[in-house]
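Marked as transmembrane segment by TrEMBL: B:37-60, B:242-263, B:283-303, B:309-328, B:359-380, B:429-449. The domain 'ABC transmembrane type-1' annotation in TrEMBL covers B:238-446.
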Amino acid sequence: MNVMTPAEAEAEVARTVKQRDGEKFQTIRTPDAQPRQIRVKAEDVNVFYGQKQALFNVSIDIPEKAVTAFIGPSGCGKSTFLRCINRMNDTIDGARVDGLIALDGEDLYDPKLDVVELRARIGMVFQKPNPFPKTIFENVAYGPRIHGLARSKSELEEIVVTSLKKASLFEEVKDRLYEVGTGLSGGQQQRLCIARAIAVSPEVILMDEPCSALDPIATAKVEELIDELRENYTIVIVTHSMQQAARVSQRTAFFHLGVLVEEGPTDMVFTSPKEKRTQDYITGRFG
Amino acid sequence: MATTDTLRPMGHSEPKDERLARIQKSLRRRRSAETRFRIYGMSAVAIACGFVLFLFGSIMHDGLPAFWQPALQVKVTFSPDVVKVAPKPEQAPGQSPAEFQRASLDWQREVTMVNWNRVIQDAVQAAAPDVKLTPRDVQAVVSPNQRFKLRDMFVENPGLLGQTVDVSLLASANADVWLKGNIDHSLGDDRQQLSGAARQLIDRLYENGTIKMVFSTVLFTNADSRGASAEAGLLGAFIGSLYMMIIVIVLAVPIGVASAIYLEEYAPKNKLTDLIEVNINNLAAVPSIVFGLLGAAVFINYFRLPLSAPLAGGLVLTLMTLPTIIIATRNSLKAVSPSIRQAALGLGASKTQMVFHHVLPITYPGIMTATIIGVAQALGETAPLLLIGMNAFVATVPTTPLDQATALPVQIFLWEGNENRNFFEPRTAAAIIILLVVMLLLNAVAIYLRSRFERRQ
Ligand SMILES: Nc1ncnc2c1ncn2[C@@H]1O[C@H](COP(=O)(O)OP(=O)(O)O)[C@@H](O)[C@H]1O
Ligand SMILES: [Mg+2]
């Protein structure tokens, strides 16, 4: 440990600075120039699928009330990292996560932590719309029901209606709340999934390419919705479309081959990236 | 750039019409391959359909006539000269119930002792006044247990004494065989089962309309019978099968589904569970008679369950059906899209909530189908039941699952081996038709339930 490479030395310095500055470091700047509280913090996260390593030493801070976008070529580990945040990787056989991920300073991989409670605090929207084959009402009511969030039937109904409204779906489905959710169009299904996630009032919402299965009009609606949700939630979105990242996010993280190459305010990453690889990706050289 | 060369379409230097000719040639080849394949497929289907049609045709041809059997429509006179019994006892004012019961039984015994064969003979004589009848001929023509029918009528209603009523008496099995031409009419007397006089009597009664073909309700209301083959029915075997089906459904479905859920959703993937999985798959292929041996060893010898009881049979069939249900349930659990699981887990559902709220409901149609296939398979199973004594001759309808009974397929097996082949061959075919109808009904129920469950989702 006596000899350090320059990179290691730099990392060592950064770590000490972080430790020393403590509280001060807990905020981050977004393009609207407001300092934001950090909600999710990852440090040196490595993920393995069996023998294969999928993520290498990823460290990132995710601020509240903003949209953080993960971009990068397919297979670079965006989804893998997203799944680390609500421990969905636990459900994959052979997946192993090490490093530190914390929500409001609380270690998410603490063995004493209840995963079920964690997932009520960190909601997830998946790439392919996956409503339950039940009624629209049941889809949205399911989360609050299992977590015991509503004390009465009317309270539950209120939660369902509010969530559908927040997901801008209520007007379209108010006459058919008791029809199956799988009968909706793709875009409506995805907004239903968002409503379902919102219904448990999570603090963070993770979205894994939520628009990749949608047509442009549905995509626009979902993007608009994400922008509205930003007011109240911490949102992390994986997208393969750089335009989408530019449209909806305040911060962008670029992943390549399992490494977090660069991360910063979205306009900075897109206009003046620090790394050559980011530059190449954004200008369409690869990916 | 260097890459542009390799991006050019292959064979770009070839003249256009040569290319077209090559494409057309390959197209012809593909089309003829397709036609050939379609012909193979269609002939395979045609052969299979041919066999099925032949099978059904021959069973229908043999079995349908057995649903009708000859009966003598005669006027029976309860003549006081023959029916010599005291009046039916009545409950006297000072009599205790026990005494009254004893008196009633004594009276019934007396009624049974009446020469009912004589009553029948008189009735037949009335239908054919000019023939000189012997008791033997009459008894060869009328099914033996019909005398109990008259007795029961009289016990039920003693007021019949001295009256004449219309009664339908089933003809004997041999009469049935003779009338349906199931025995060669030109055979000599020594090779006929009925005497010449009895055959003439039958022909005579048939011509004058006394003997009519009636729908064979005894097939559905009686248990097996040796003494009176014409009155042998399937009810006993049917109830036996019903009890076993109920036992299979009650035991195999919950145990099978629970094991499948545990193995598929909860069990860790290791050597032990792999071994269990392989063994379950192998169990499904174990010959059913082996399950019978196991059942005989475990349920009969060790647990001392009664022989020939539907309970033991049902347990054996449960063991046999379990692998089918486990495998089918696991397959339908596997087929549930992972996105539903992710959705549930992502919302914070626990594993058990995920399985029971979301995964299992989707698999209901699959489990239902598996259950009905398993039950139908169990319903049609004969071999293992033979080993636990369910091939015994049982002339009563079982009232509990602990009574002696047979099962429908075993009854078919027993009838097929009956020495009165001319009579029992068509009856066997009729029993097969009934078994097939039960199977078809089960399948119809499966399809109905399946479509209902699917519509609900
Ligand atoms: N369930 C899994 N099992 C094994 N390897 C996986 C699994 N999921 C993803 N990977 C691997 O991890 C790497 C990152 O995948 P992923 O996170 O899905 O990429 P992205 O979402 O950026 O396209 C890929 O090389 C992929 O093959
Ligand atoms: Mg992905």
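In case you wondered, yes, glycine gets a Cβ from its N, Cα and C as well.
Predicted, not measured: the structure shown is a model, and the values here were computed from it.
With a cut-off of 8 Å between Cβ atoms, the residues of this chain six or more beyond the transmembrane segment (B:309-328) that come close are 240, 243-248, 251-253, 255-257, 259-260, 263, 280-281, 283-284, 288, 291-292, 294-295, 299-300, 366-367, 369-371, 373-375, 377-378, 381, 384-385, 388, 390, 398, 401-405, 407. Contact between the transmembrane segment (B:242-263) and the transmembrane segment (B:429-449) is absent: fewer than three CB pairs lie under 8 Å, with pairs separated by 6 or more positions in sequence. The list of residues near the transmembrane segment (B:283-303) in space but at least 6 beyond its ends in sequence, with Cβ under 8 angstroms from a Cβ of it, reads 312-313, 315-317, 319-320, 322-324, 327, 381, 383-389. Long-range contacts of the transmembrane segment (B:429-449) within the same chain: residues 59-60, 62-64, 66-67, 216, 219, 234, 238, 241, 365, 368-369, 372-373, 375-376, 379-380, 408-409, 411-412, 415, each at least 6 residues beyond the stretch ends and with a Cβ under 8 Å from a Cβ of the stretch.
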